[in-house]
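Visitor: I have a structure here, written as structure tokens, and I will follow up with some questions on it.
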């Protein structure tokens, strides 16, 4: 399949509008051309600074604009982060993601996050951060410290975006992704379904992602988790088949990207998740919590993997581990 960056909305809509089973079959066929069919990349996400975010994202418990009852926490110590990363690796994660509720990191924060990247990288884990907007200098320093991925989601279509966020623009997000790409890091960018958007908005989101100069290496497809106290607390729940359609279309138009099951997975049945894997999802966040929202725990995931015959993608060994293996050979 030829890799394309010129997908039109009409083409993407034609994929969405296929009969459900035809769409899932096509997505699984594309998936098998580029990935091992039964291998899932497992990531762990840790909040390194929680709450009091100045942004007004209407879905988010961490926004200072809403009364979500979330207790804000100061940034956590680097050694605590390293301990959590080591535990994540031992439980089967190959990528460790660190998120801070900032509009953007201040210069005083940079030594803290750079040390964190270096220490987590030394464990043999892929590293990812989501810290808000970046300038080019910050992106380059993160890359030099060893950061593999930077997450900055588009959230929704350009047209629907202003209904969800007013404190940063859609182009602000694209600019940060440009800085990440130019620094040589891998881009992690996706969105959220179930925000009250239309299917046309989901098409618009995927078109933005699939027409970037390089497809994002990782594409999280989140299901809204309604949070009490936020403006979207009472939004009508999206049917799960529409979420699976979105995953399938993402797989077809971005065949080399990891498509990740992210927020909202905790409320899904094993059968729903199996369909998502059939539709081409091959990455997920494991652990009891995603920043501040509930998530399927490691024990549930181990049972699910065993039931479906799935295996976790392996983390890379550290230099020390390679040395021990060489000595015992």
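Just so you know, glycine gets a Cβ as well, placed from its N, Cα and C.
Here's the feature list from Swiss-Prot:
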- 53, 57, 60: [4Fe-4S] cluster binding site (BINDING)
- 97, 128, 188, 260: [2Fe-2S] cluster binding site (BINDING)
- 38-262: domain 'Radical SAM core' (DOMAIN)
Visitor: Could you tell me the C-alpha distance between residue 60 ([4Fe-4S] cluster binding site) and residue 128 ([2Fe-2S] cluster binding site) in angstrom, no decimals?
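Guide: About 20 Å separate the Cα atoms of these two residues.
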Visitor: Give me the sequence-ordered set of same-chain residues, not including 97, 128, 188, 260, with a C-beta within 8 angstroms of the centroid of the [2Fe-2S] cluster site's C-beta atoms.
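Guide: Here the nearby residues are 43, 45, 95, 130, 149, 151, 218, 220, 285.
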Visitor: Which residues in the same chain, at least 6 apart in sequence, have a Cβ under 8 Å from the Cβ of residue 57 ([4Fe-4S] cluster binding site)?
Guide: 63, 155, 164, 165
Visitor: For the [4Fe-4S] cluster site (53, 57, 60), what does the 8 A shell look like? I mean other same-chain residues with CB within 8 A of the CB centroid.
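Guide: Nearby residues not in the site list: 55, 56, 59, 61, 62, 63, 65, 101.
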Visitor: For the domain 'Radical SAM core' (38-262), what is the mean per-residue pLDDT, to the nearest integer?
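Guide: Summing pLDDT over the domain 'Radical SAM core' (38-262) and dividing by its length gives 93.
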Visitor: Run through the Cβ atoms and count how many others sit within 10 Å of the one on residue 60 ([4Fe-4S] cluster binding site).
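Guide: Residue 60 ([4Fe-4S] cluster binding site) is surrounded by 25 other Cβ atoms within 10 Å.
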Visitor: To the nearest whole angstrom, what is the C-alpha distance linking residue 188 ([2Fe-2S] cluster binding site) and residue 53 ([4Fe-4S] cluster binding site)?
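Guide: Per the Cα atoms, residue 188 ([2Fe-2S] cluster binding site) and residue 53 ([4Fe-4S] cluster binding site) stand 21 Å apart.
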Visitor: So, in DSSP terms, is residue 260 ([2Fe-2S] cluster binding site) helix, strand, or coil?
Guide: strand
Visitor: Other than its own, how many Cβ atoms are within 10 Å of the Cβ belonging to residue 188 ([2Fe-2S] cluster binding site)?
Guide: 28
Visitor: Tell me which of the binding-site residues 97, 260 sits in the most Cβ-dense spot, judged by other Cβ atoms within 10 Å.
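Guide: Answer by Cβ density within 10 Å: 97.
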Visitor: List every residue in the same chain as residue 128 ([2Fe-2S] cluster binding site), at least 6 positions away in sequence, whose Cβ is under 8 Å from its Cβ.
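Guide: When sequence neighbours closer than 6 are ignored, residue 128 ([2Fe-2S] cluster binding site) has 43, 95, 96, 97, 98, 147, 148, 149, 150, 151, 188, 218 within Cβ distance under 8 Å.
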Visitor: Give me the non-local Cβ neighbours of residue 53 ([4Fe-4S] cluster binding site): same chain, 6+ apart in sequence, Cβ-Cβ under 8 Å, ordered along the sequence.
Guide: 60, 62, 63, 64, 101, 102, 103
